[in-house]
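Working notes for the structure below.
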Amino acid sequence: MLLAHLEHGAAGSGGGADVAALLAAAGLGLFHGINPAMGWLFALSFGLQERSRAAIGRSLAWIVLGHEISVLPSALIITAFAGQVSRGVAMAVVAGALLAFGSWLLLRPRHFRWVGMRLKPWQLAWWSFLMSTATGAGLMLAPVLLHTSGGASHHATAGLAEGFGAATVVALVHAAGMAFASGVVALVVHQVFGLRILRTHWINLDRVWALAFLVAAGGVALAWWQG
Amino acid sequence: MASWRPDPTFYPSPSLAAEEPQERYAYVATYWRGEGEPQKDALAVVSVDPAADDYGQVVGWTEMPNHGDELHHHGWNACSSALCPGNPHPHVERRYLILMGLRSSRIHFVDVRQDPRNPTIDKIIEPEEYKAKSGYSRPHTAHCGPEGIYITNLGTAEGDEGPGGIALLDHDTLEVKGTWEKDRGPQYLAYDFWWHINHDRMITSEWGTPRQVEEGLLPEELLAGRYGNKLHVFDMVRRTHLQALELGPQYQMALELRPAHDPQHQYGFIGVVISLEDLSGSIWCWHRDGDDGDFAITKVYDIPAEPVADEDVDKLPEMLRPFKAVPPLITDIGLSVDDRFLYVSCFGTGQSIQLDVSDPLNPTKVGEIRLGGIMSRASHPAAPDLPLSGAPQMVEVSRDGRRVYWTNSLYGAWDDQFYPDGVGAWMAKADIDPETGAMSLDERFFPHGDDFRGNRVHQAHLEGGDASSDSYCFS
């Protein structure tokens, strides 16, 4: 069904979740997945605490769920917005939002704060939801969604429904990318590298992420400029 | 400004902390109490690198700008807890030592990263601001943790009484955020605190209010059992009081808390200064029933008072003469990062007792050294003819557990009561055999007297963290 939807979307008027969009969504998911601050480190600590690899997988499932609960509604809202305004306006707003949010992430001296370590599964999902929302995971999908939605060319209800379908696919692919990356990293660190890697290879991905917003803003602005 | 890589002095686990290069410097809080120059409290930098030409010497000296702070404990702005997954911020720096004036309520942030031998004061929070924003006064111990910098305080903002408690500071802006507790329950007296970070449980202990400590130990309050004798368990997330652990009214002054470093464990040790029944000091172990049950506390070790012969009673400080004995006065304890050895400082008798606490409820004594002491005045092998005042007091254990450092002063007014002819100033170090635990005093390391320019020495922290400064989230 997804494939049918994809084909349908790809055949649409320049929109739909095409391969490039899906790769971009998956890539953003992979980025989130490798970031220790987005969840795999939490899963790993539960695994070490309980001396169980299963605990890693179990907690990652809740973390990915929380992430998706943040990303999916954002994707749907962005799609609905893009369906209501002209493509030019949508792109200008998205570029502005990405620029503003990226600058805020880059310049603020604070971290996302959460104080608990003994979390029930739903609390872990809630933590992941807040973390994803605070870091703008859903917003970052906006350029991908603009690409899939085709803007105001889909004014009809059918067009919006199609846009929602594509947005859902994008959000799910994104979550799959995140789940894959975080699962692989957590297990490899657990089984192969050990905790030592945290001290040497934990580069400041939060700052990379903030810069990525600015790059994405530039990309959308450029596309807007080129019409 | 955040860095690109984690601070190299953040360690994911206790065993990884032990692997890293050993400390080159000890940072020692010193304070002036009316003897000689320079009349200002200072942070002394002591070289502890055995290969250095200036080993065992004071190589840096950073004066505080005001008089009468009485520097006491200090702590780091950031440490290994920054790697904890619940609130990861590993790209801050372990850069500032937070030097608190226990008497003045002034907070100094001293940068020791820029130039480790010449620390500079980057920021000061004045007492009025600290009291107004924190709700407390007389800051005592600082720990870096999930929400920022936590500082325990003996008294409330106004006056000299309680309740004492914990203030929270932002580790980025170094601003006071406010009172930490949302519900302190029956807790009134405050002293030390630490936590089981992976289990969201904080443990706090009790000394006395500013009125009860600032002019010296009040014998009538002691005999009435009015100093602290409880531990408190708090929910670290909700900031609420959960449990009070009673030691019994005869046990007075429940001071330093040393939880197990392995984050899987939920036990730890506390030193209790004195028992009113026999003047003994004691070590207690708190422990939890399962992962989520209640905490309980058990006395696990007693150190008896040492009797004094009738003809020597006059040599005792006035307060102790009626008892004809020297109490051990356990004023500090230190737990090695591998949770194996507990070092117990006895400010009265001059002992440092080393306990093997591998079985936490059944410690066994494996070593002892003696320096100073009210009656013994034991000398250091580096200066065998020099009788020492004071005693092994604050104890600091290196991350690898191979070196232990002591400083000899407790607190101005209390020093004067127990060592009325002067407590002096000295710092000592022992090497530890990692297999047997045997302690041997290092004859090359004995900064003392004029080395500290007339200041008394209270507490040392070690470059890159030590056994009393870091919390680990992984085992």
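Cβ atoms are placed via backbone N, Cα and C, with glycine included.
Model, not experiment: these values are computed from the prediction.
TrEMBL lists A:20-48, A:60-82, A:88-107, A:127-146, A:166-188, A:208-225 with the feature transmembrane segment.
A Cβ distance under 8 Å defines the sequence-distant neighbours of the transmembrane segment (A:20-48), meaning residues of its chain 6+ beyond its ends; these are 6, 55-60, 63-64, 67, 112, 117, 124, 127-128, 131-132, 135, 137, 140-141, 143-144, 147-148, 166, 169-171, 173-186, 189-190, 198, 202, 205-206, 209, 212.
For the transmembrane segment (A:60-82), the neighbouring stretch richest in Cβ pairs under 8 Å, chosen from A:88-107, A:127-146, A:166-188, is A:127-146. Here the transmembrane segment (A:127-146) has Cβ contacts under 8 Å with residues 21, 24-25, 28, 32, 37-39, 42, 62-67, 69-75, 78-79, 82, 87, 90-91, 94, 97-98, 101, 105, 112, 114, 116, 119, 163, 166-167, 170-171, 174, 206, 209, 212-213, 216, 219-220 of the same chain, all six or more residues outside its ends.
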